[in-house]
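Peer 1: Below is one structure. I have some questions about it.
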């Protein structure tokens with residue numbers, strides 16, 4: 001959520017920054033709401049002053065034996081009380097309308113974010129590794145994976161399109177990837193592993209920015225026997241739960257940064273992705289991801305963003321996968337982000353790079369929604385900055401390992417870093 005004081009003092013500048021990311025901020029509507037709010041507040045203050053003045057007169061009038069005048073004054077106070085209740089209701093209505101609107105407004109882009117309308121204007125930062133040249137006809141991950149235990153028909157039979165069953169060697173490799181990622185982030189990068197719920201309420205999703213704007217992208221669930229039919233949601237990412245662990249908290253500054261990680265399934269309806277990536281694991285309704293979250297001092301958040309990108313890169317380097325880092329332009333950033341780097345891994349069968357990690361600094365945007373603060377060195381409570389990043393998407397990493405490390409006979413070489421997690425197995429072979 002944006003800072004309302006910043007909006008009030010720099011409305012035009014905020015509107016201009018939002019326009020950079022394609023959001024049309026209605027300044028006329030904001031000004032009208034502000035006028036309503038100010039008008040009600042002025043009226044409230046006038047009524048309170050009048051009530052206080054008249055209340056002081058009542059005692060004096062009674063002392064002077066002017067009972068009729070005292071009663072008239074008491075009647076005035078009673079009417080003012082009614083008027084104040086109405087003014088409070090009017091102010092509450094304006095505030096609720098303003099708050100609801102603020103919840104739908106995206107974050108302001110950082111000044112270093114390149115301008116652009118969509119993904120075609122993202123800026124490449126660096127490429128790492130050289131895509132392998134194959135001396136045989138390459139297969140995609142579907143053709144490689146199905147003989148090794150990747151079962152798309154089984155997933156469709158159980159749950160419909162965009163679900164997958166894994167068994168045997170593929171299931172083991174998928175698990176090994178997640179364990180390797182978690183261990184790397186814990187043991188090398190200093191994150192604390194978490195296990196968090198996969199079902200959350202709307203307040204939690206509002207805190208990280210998925211609600212109210214992106215309800216159609218979520219899977220809704222209701223509890224059996226719940227007569228009120230309270231709606232809960234399957235998490236679209238562990239960013240939601242990890243970040244919200246500090247909701248409503250005041251963290252001592254010496255405890256910052258907090259570095260949190262979790263391996264979880266992610267559930268997404270992919271409402272706007274009909275017809276995209278219909279083959280294989282690239283776009284699923286359910287997929288696993290290892291998430292990184294950092295809760296940091298505001299002055300250190302952009303250093304933390306670079307660090308987090310490096311943590312995701314270390315996984316790709318260890319798995320011997322070519323990749324590139326891009327900076328998302330203003331028109332392609334996520335709702336809560338002030339700046340985002342995407343890591344894209346080389347997918348040989350598609351002859352292109354595909355997103356495998358997204359690392360974002362949300363500055364105080366999520367913290368304001370969650371009321372997540374820290375106590376600074378002067379004893380003042382301030383909003384923290386929150387960052388999140390994929391470290392990595394497990395299914396897409398599986399795709400990259402299968403395709404980049406394939407052999408002509410359909411076998412898959414296991415990267416050395418993964419072999420301890422595979423019981424020493426060095427190659428997946430069709431049996």
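Heads up, the Cβ atoms here are built off N, Cα and C, so glycines get one too.
Marked as L-serine binding site by Swiss-Prot on the basis of sequence analysis: 237, 238, 239, 291, 390. Annotation comment: Swiss-Prot describes 268, 269, 270, 355, 356, 357, 358 as ATP binding site.
A description of the local structural setting of each listed feature is requested, covering burial, neighbours and distances.
Peer 2: Secondary structure from DSSP puts residue 238 (L-serine binding site) in coil. The Cβ of residue 238 (L-serine binding site) has 194, 196, 262, 263, 264, 266, 289, 291, 293 as same-chain neighbours under 8 Å, each 6 or more residues away in sequence.
Following the DSSP three-state reduction, the secondary structure of residue 355 (ATP binding site) is strand.
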Peer 1: Please report how many Å separate the Cα atom of residue 269 (ATP binding site) from that of residue 237 (L-serine binding site), as a whole number.
Peer 2: 12
Peer 1: List, in sequence order, the residues of the same chain other than 237, 238, 239, 291, 390 whose Cβ lies within 8 Å of the centroid of the Cβ atoms of the recorded L-serine site.
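Peer 2: For the L-serine site the neighbour list reads 240, 242, 262, 264, 266, 289, 290, 292, 293, 388, 389.
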Peer 1: With every protein chain in view, what's the tally of Cβ atoms within 10 Å of the Cβ of residue 356 (ATP binding site), excluding that atom itself?
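Peer 2: For residue 356 (ATP binding site), the count of other Cβ atoms within 10 Å is 26.
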Peer 1: Which of these binding-site residues has the least crowded Cβ, counting other Cβ atoms within 10 Å: 237, 269, 357?
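Peer 2: Result for the binding-site residues 237, 269, 357: minimum number of other Cβ atoms within 10 Å at 269.
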Peer 1: Looking at the binding-site residues listed here (237, 239, 390), whose Cα lies nearest to that of residue 268 (ATP binding site)?
Peer 2: 237
Peer 1: Is residue 269 (ATP binding site) helix, strand or coil when read with DSSP?
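Peer 2: DSSP call for residue 269 (ATP binding site): coil, neither helix nor strand.
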Peer 1: Nearest of the binding-site residues to residue 270 (ATP binding site) by CA-CA distance, picking from 237, 239, 390?
Peer 2: 237
